[in-house]
Amino acid sequence: MSILTSLRSTRILKLLPLVSALCILVGVTWLLLLPLDDYSRRTYISENALLPGQVHTYFGGSEQDVFRAYRHEVTTLGKNASADGSGVMAEKIGDIFDAFGLKVGKQKFEYAAAGGVYAGENVYAVLQAPRGDATEALVLCAAWVNTEGELNESGVALVLALARYLKRWSLWSKDIIFLITSDSRAGPQAWVDAYHDLHAPPAVASLPVKSGAIQGVVVVDYPTSRGFESLHIVYDGINGQLPNLDLINTAVRIASGQMNIRTTLQEMWNHDNRYKDRLCTMLRGMVNQALGHASGPHSSFIPYHIDAITLQAYGDGWHDEVTLGRAVESLFRSLNNLLEHFHQSFFFYLLMAERRFVSIGTYLPSAMLIAVNFTIAAIGLWLKSGRLNDKVEGQSTDGKVSEEKRLLKSAGEAPSSTEQLDAVSEERPLLLSMAFVVAIHFLGFIPLYLFNNLNEKNSAGAFYIFTLLNVVLPPVLCAIFTKSFAPTSLHFTLIKCFSLLLLGMFLSALATLNFSLSFLIGVFASPITFISPTPRRKWTIGAAWMTLLQGLTPTTALVGVALYWGEPLSEILKEAAFGWRVWGMWTQVVVWCVWWPAWIIAGVLVAGSWAVEG
Amino acid sequence: MRLLSWPSVTQLLLAPLVIASASEYNDYSENLLLKSLPGNSLLASFRFVSNGTFDSHHSVFPRSLAQILQQSQTKELHLKFTLGRWDAEQWGRQVWDGRTAGGTGVELWAWVDAADDAEADARWTTLNNALSGLFCASLNFIDSTRTIRPVMSFQPAGHHSPEGLERLHLLHGTLPREPVCTENLTPFLKLLPCKGKAGISSLLDGHRLFDAQWQSMSIDVKPVCEEDGKCQLQMEQTKPYAGGDSCFPLSGVTDLPWSLSEMFGRPIRGSCPLAVVPTEEATHVCVNIAEQRSIFVSQGSEERKKSPELRCFILHENIDFDIVLPELSPSTNLLPTTPPVYASRSLTGHGQERGGIQAVLNNPSSNSTVEFVYLESLPWFMKPYLHTLSATISGKDDRNIIQDIYYRPALDRKRGTQLEVRLRVPPGETVLLNYEFDKAVLRYTEYPPDANRGFDIAPAVISILDPASQKSTFSIRTTSLLLSLPTPDFSMPYNVIILTSTVMALAFGSIFNILVRRFVGADEVIGGGLVSKIRGHIMAFAAKRGRAGGDKPKTE
């Protein structure tokens, strides 16, 4: 009783916006503190079975000649076969695998997204473990064309050379699948879907040969024939899911410890392991995670609870294909040691250097605090909405101090305190406000459908029209709403209350699934907390609010992403539609059905400030 | 060209047969078949046959095994230990019609004489526990959840009287996870009369044997009545060899050279003196290779050429025997023989809630329909939905494929699911047999120590039926599967206990306090303050003392 009473007191209600602001401030500061030595940890190998870098690697010598022969073959094949010639590629690579005595399978696939058709043919070979029982498998993959659209000549040749080389070892406890996908985006997805029999025939063909449960995937991306300087480890999965940290740690340890190759993360080519670079690595990782797109061929495997990474050769240096081949060999020897599926180390982490990370327990509070700020504001509004009249009365007389005293005094006597509470609570008009909030949230399905189904050619145009509409939509909606239902200011308070409540709920749930997306949306949406729902006569404040809100729309964020990547907007929209169709990305759902409705409602509230009073 | 690695196949088979009739007929024979397989592999199939009776004390039939069979009233026994997988596409059909090979791990089935099911179960447990001790295998873990009673898949191989057959109960158990190793081979060798010291069993050295790509060891005991109390012990081993390639991918153009002592690490140490003297038909070692390959044998053996492709040898006691085959180029290009059915099985779907199984069954024959029984023995925590069972040919559901279904649903923690499906596959067609299942949530003590590895699902048994007699003529096993179940974080209970205790200790008290205590203003409390309270107590105490003091004299 007493705690409820004190929450209803005006003083605490006044404090709530301050608490909200504090939550946001602490949340953001928390994240900024993470790269410091005291708040992050050094990575370590949690799974003892892995024993990274404990074996001698023997790839090299005459294998290098074989590798060069294959690279020559791949380069010639890449020159002759154009983009539609993936059938030729599968045929040729399949013959090479067949000559090793491996079981070869081919898979044709075809996806249609954003008006374009993505077709190709994957080819793969299964090396059956001697004495093995076909229950577990590892995948060594190379995409024929990498994410940048370059011919992955050394990568494919390395997979071929390693297939031939690894076949000779009799120590494998798991089958090894050598996979050459015809592209980096649709091919791996088609293959892994079909491997789990979750594909859609006949557009995506079934796999003729299968093996056991896949325990780990390593993708090799080495598009040049020159030496490389460092190894870039790409690990982001679809929808911000991450592979087990042990896999990344093993790769880092083998590359840097055993092979003496420098490793880099998140395209931070010159990482000096100081605060700024750590923060930058972490933020880049967060942006990738929030976008939830596939950052490499490995990404498609991660939603299937298969831990996967891409090893990209970067720069010009003195490391050659043999070094990379030995690193992959050593990595496979480690994976071969696994007795259980990867489970020991972290699945939720932020990496800030190749050997520095924070785990979910440390970073989660920052996103949670930001999500909680909305919930606190919503609770405040709910309590406030129940005692509007009383508050007006209290303010009109001798100020809140005397009222506080009166309340406290009355609380001491039980019978009179209940009377007092009855007097301050007021009937809330719930239906209209709730219906409005729900309707706006359902309105989000329109842009969701639109941008996922529009043709690539029209999408940019549609986006500009939508952006314009977005500017005028809140005032228009507000006008319609006020004209039709004649809402009071209490209605607006409740609309804001429900909207914030939903936002806080969605974001706190999302924070456990995709921390970065929740955090970034939370930061972008944080001004919504402070929009005053009560009408004001000063239109300048309203205009200022409107300008601020227009700067923080989902559409602005999309333009921001386009600038960040340095790609045209149509490319981003195409990628999003492709992700929705092929990868099963749901970033769009969060943007259009959680963030955008909250933003629209904020706009309506600002517009409502003019509408109701003016 | 040099031999780089030794991936090879071995198959061991032991098939004794027993009958209780009191005949003193005892004999033993052994035979080794070496067969070239495509892909430069070699299959070595050892077969040891002992005949004997239960009541003979000087039998070649192992007494340890006889006593177990007698104790558990087992009339017919089949025990298989298998490691690796048989690659039918590369190696073709299995020897002995696949009857001597089991699925991955350990597979055991037996006909037990009992009045009812309960008695059969009790005897089955006795048998498992005794065999477990004899073969150093975890056979004692074949409990009721791993035991099924197949209806269509198996028929007794021995001779049983009609009234005896009435009382026989067929029980079948599998341990797909059991690794087969030297500790199983040693007891196996001890069952042989020559115990690996002489005869073909001298080749059975664990180091080389378990380096093979595939190997199977089986013991089959059956009563043979016509021959008046025979006990047969068979053992069969197969072993392929593989050579390293040269610099360019041109492997497979030559037939690699091999010799017995190279493959097994030693030659055969003469013939086993206890084995019956081979007649014209019975020989010790047979080599089944292409006609044009030349073969060199060590001295002291007699050659019997049975056919151009099958050359057999009779060994002599105490003289080492070796076979050497030189390299042959170009290759003889062996083509694999076609098995009646190609079968593969895989899990479908992902996630921890449900999944599916897909079996791909291909009839390679161009003109004859094949009919077979597909037997699945599933653990109880995998709950299949029979209504999702479908058999499709090239995407179309065909009702004529499934002829018959025998299904025994699982009971939680008591017994597993048994599913037998009789299928008919038209020539040249591929049937997809699909069904879906739910994954149960286990109690945390029911997980094995390596819980995150997953649970092995026993291989499916495919028994090809003879169209006329409807009896099994050939059997094939699929590979085992690895099923991942929802696995808790096993450090979680500990963390939860610690966390909840802390939260309870810290938060509960203060929150309860805030909720229950009534806050009042300081001036509202009558006679508040510590000093007045203490004074009040003192006063009350003094008053009590005073009253007590005053009363005392009165009572006295």
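Backbone N, Cα and C define each Cβ position, glycine as well.
TrEMBL: automatically predicted annotations, no manual curation.
Looking at A:497-519, A:543-565, the stretch flagged in TrEMBL as transmembrane segment turns out to be A:543-565. The stretches the transmembrane segment (A:363-383) and the transmembrane segment (A:12-33) are in mutual contact, each linked to the other by at least three Cβ pairs under 8 Å (pairs 6 or more apart in sequence). Against the transmembrane segment (A:462-482), stretch A:585-612 has more CB pairs under 8 A than any other of A:12-33, A:430-450, A:543-565, A:585-612. Within its own chain, the transmembrane segment (A:430-450) has Cβ neighbours under 8 Å at 462, 466, 477, 481, 485, 487, 491, 494-495, 497-499, 502, 588-589, 592-594, 596-597, 600-601, 604, counting only residues six or more beyond its boundaries. Proximity of distant same-chain residues to the transmembrane segment (A:585-612), defined by a Cβ-Cβ separation under 8 Å and at least 6 residues beyond the stretch ends, is recorded for 238-239, 290-293, 436-437, 440-441, 443-445, 447-448, 451-452, 473-475, 477-479, 481-482, 487-489, 492, 495-496, 499-500, 502-503, 506-507, 510, 517, 521, 524-525, 527-528, 531-536, 539, 541-542, 545-546, 549, 552-554, 557, 576, 579.
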